[in-house]
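Report on the structure given below.
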Amino acid sequence: MGEIEQKPTPASRLGAPENSGISTLERGQKPPPTPSGKLMTVKIQMLDDTQEAFEVPQRAPGKVLFDAVCNHLNLVEGDYFGLEFPDHRKIVVWLDLLKPIVKQIRRPKHVVVKFVVKFFPPDHTQLQEELTRYLFALQVKQDLAQGRLTCNDTSAALLISHIVQSEIGDFDEALDREHLAKNKYVPQQDALEDRIMEFHHSHVGQTPAESDFQLLEVARRLEMYGIRLHPAKDREGTKINLAVANTGILVFQGFTKINAFNWAKVRKLSFKRKRFLIKLRPDVNSSYQDTLEFLMAGRDFCKSFWKICVEHHAFFRLFEEPKPKPKPVLFSRGSSFRFSGRTQKQVLDYVKEGGHKKVQFERKHSKIHSTRSLVSQPTAPNSEVPKQSPQSASLTFGEGTESPGGQSCQQAKETKACTLELGPHQSPALPKSPPGSKAADGTTVVPPEEEEEEEGGKDGIRPSNPQPPQPSTGSLTGSPHLSELSINSQGGAAPANVTLSPNLSPDNKQASPLISPLLNDQACPRTDDEEEGRRKRFPTDKAYYIAKEVSTTERTYLKDLEVIASWFQSTVSKEDSMPEALKSLIFPNFEPLHKFHTNFLKEIEQRLALWEGRSNAHVRGDYQRIGDVMLKNIQGMKHLAAHLWKHSEALEALETSIKGSRRLEHFCRDFELQKVCYLPLNTFLLRPLHRLMHYKHVLERLCKHHPPNHADFRDCRAALAEITEMVAQLHGTMIKMENFQKLHELKKDLIGIDNLVTPGREFIRLGSLSKLSGKGLQQRMFFLFNDVLLYTSRGLTASNQFKVHGQLPLYGMTIEESEEEWGVPHCLTLRGQRQSIIVAASSRSEMEKWMEDIQMAIDLAEKSNGPTPELLASSPPDNKSPDEATAADQESEDDLSASRTSLERQAPHRGNTMVHVCWHRSTSVSMVDFSIAVENQLSGNLLRKFKNSNGWQKLWVVFTNFCLFFYKSHQDSHPLASLPLLGYSLTIPSESENIHKDYVFKLHFKSHVYYFRAESEYTFERWMEVIRSATSSASRAHILSHKESHLY
């Protein structure tokens, strides 16, 4: 990582000398070997709000990281502290000292681990070290500011006065007022200012160490000292909060303690799913054993609280760490979690028995010398205690400090790197296990009376991680021509990834998502030198590559026209399933377009051939332009406007005919399953309208690129004016037809619903949310329209469709955040006139998107004529087969866990629709996103490379509908594989990946990594632009303004 500046650590700011680690091993013991392998960097936020970066081996247990932090702080009594972080489910948990770090902190770059107090002893005099008491004082200060430590005004003022005394010394009215103005210790501090100064005046002569001691003396008497509330409900459904302390388990209503269960009374702690159970010991006069039951938000919240209780019981009640449970011979039951570390008694004995010496040091904002105990260690002959000025020696709260190099720290938020390496052949130096441990590795187990009563299956669907990673390969799509579909689940700051590739096989072998035999490394071999030489013959002018984009996308557009004009027409002619009136409306309006654009493509390719220098015409420069070709053909398109106007009518007529004819419905469904129909059929009917918009964007780029005096500028500007006029005329039709097409597409994914497509209804957003029900959080697909919100589940139906469970009219609905109320991250409460539901999103950003769109839809509904008509069908629709209806009716809450493994069934329904992708990735897509996707279509040749391969493979790639479709060449009639991009990360390879090529971008999720090479800087930027539109979504305000400036 290079040289790291030596900035003061929290311990050095207290004046503690640096040492090589405090040995806590028994005499004669050796430290356990440090795991070798790749290092990972973990950011730790200290109690003074600074951040430190630690490098530890990925496979090392959590104890390695925790000991590294304690060693960095020179902290002897580290057992009172812990490391907490939000896991992949967004639940704040403690770092398990026995499990590998990489299995707990899955995305260390995006997680900040907090070093905080974990165990609060009943008496602060049990804390032997001044540094320990100082860190406890910082924790009290933090809890005050965050509202965790609630108390009356007098207690708050007294606490703050001790903090001020330790920070700035004796009372001085002017200095006090200035300091209190700059530092806010509680939210309503202004009203307490006079009382704070009154108390501070009485602390004259009190040293910082004495101030910390007095601060803890006051704090420990408060009811909420060291209390962390966990939302729950009792058997009657009353909302309460559970907490654990050194004395036992506490029950709060709000911030008022209403009950307590002392450890001496507790016989057993367990949990089943989301039920937390406390078995009490029988009274002296009774043999009856009472069992108390509390309901928490979900299984993960319940297990997290159970672990905290186990650790508190072991730390405060046991004399030594519990012995490991013997491993079962055949079957195991319960959790493998166990307490690891020293108990409080062991910590007290160790500090009392250890050899210590007094060392002088300087404290923050004070020149008073104090003493601190350190384990006796040999010191270098010339070593000195570091001396620091009050400005640079203090823990920084709101002011910068200067490092030795002269760089300013950003208000105590700087990140320091602590590389734990002693030398080129040494493992990181870390503190070792404490004496009193029965084993060198510090392994412990939970006492038998605290075992977990966990049922065999892990049920329940968690909002931020709906499916564990599956090593097998499987098909999400019902289309046999799609060789692959890889999916991952998002999370805010994000979340765990899931791979769902073709044909879930029973052998559970990991396969690459792109498994088509024509897409492997052996196919289409090309050496890098050959490719480089070929690319260098191309012109370097950006206008050439813009013109080439017209050519490549025109090829794809022509193929899309052939789907209707050739393939669909040929299939229809073989079967008498379509009315003649419908045939005459569709095909005569596509054939002229196909003929025109075939000639248009030939002209563009001829011009590019001349531009590339395959004749001597390019010497004169007459053919190094494209504007004249664009102007001529766009003027020709205006004569085809009558056919373009008919496409909306054809789409409506087709859907009307399908609704009235079951035979035509089955015919169209069968055609959609053919390889050539890689998108929903009705999407191809709108392609001509979409293409006009693409011409407009290309001409805008050309006009922006050319200077006004360029030979091609005038033609490009004239062509842009012509196409802009056509787009403006079709703008209203486009908006209407996109919504109409999307409603009919959604209708095919839903069962149990009537009249979804009605005049005036507009689709707004679809996506996956978790609904809180009697069985916990259950995954549901939600569909938001401008008048109603539907929620569905995916059951074990033969068609892979989603069954509608309920509808919530938006008229009169309210929406509010309820994360604190239910203790579920990213939680919302939707209150309708007839029904209220609680849902949770997979991330904060997802929650905000839903809140924004639902509120907008509510506002639209309020302006309408009133409540929406009933949508739910009382019986399955007539056009569904009896088998489908029966299977749909049998779907229940209990089917949901099984529905996730039902992907291996081949269904007659398309399985690669955006509804299914959003279901598996726990994300959402809005109608605005679909509109943006229409504008961001691209195709062309790319070189593809797998993570572990050497050669590059040339593929023809089409990006449309949030997905990459792969072809062996542009002449292929259908794609060989597809890759939906929702949830993927788009980056540029780092130097460590050894790509060493220009214009390379990287797509990755989980262990799947793909590298793609473009042929020029322009094409590289264009691929990055369009793919980024699918892997990230902008805010609604930004997108609406974008659409207004690009009317179509």
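Placement of Cβ uses the backbone N, Cα and C atoms for every residue, glycine included.
These figures come from a predicted structure and were not determined experimentally.
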Which candidate, of S433, S479, Swiss-Prot gives the annotation phosphoserine: S433
From the candidates S437, S661, S897, the one which Swiss-Prot records as phosphoserine: S437
Annotated phosphoserine residue, as Swiss-Prot has it, among S427, S501: S427
From the candidates S505, S512, the one which Swiss-Prot records as phosphoserine: S512
Candidate set S270, S892, S1033, annotation phosphoserine, source Swiss-Prot, matching residue: S892
Confidence summary (mean pLDDT) of the domain 'DH' (542-733): 89
Helix, strand and coil residues within the domain 'PH 2' (935-1032) as assigned by DSSP: 19 helix, 41 strand, 38 coil
The domain 'PH 1' (762-859): DSSP-derived helix, strand, coil residue counts: 20 helix, 50 strand, 28 coil
Interface-richest range of 542-733, 762-859, 935-1032 toward the domain 'FERM' (40-320), CB pairs under 8 Å: 762-859
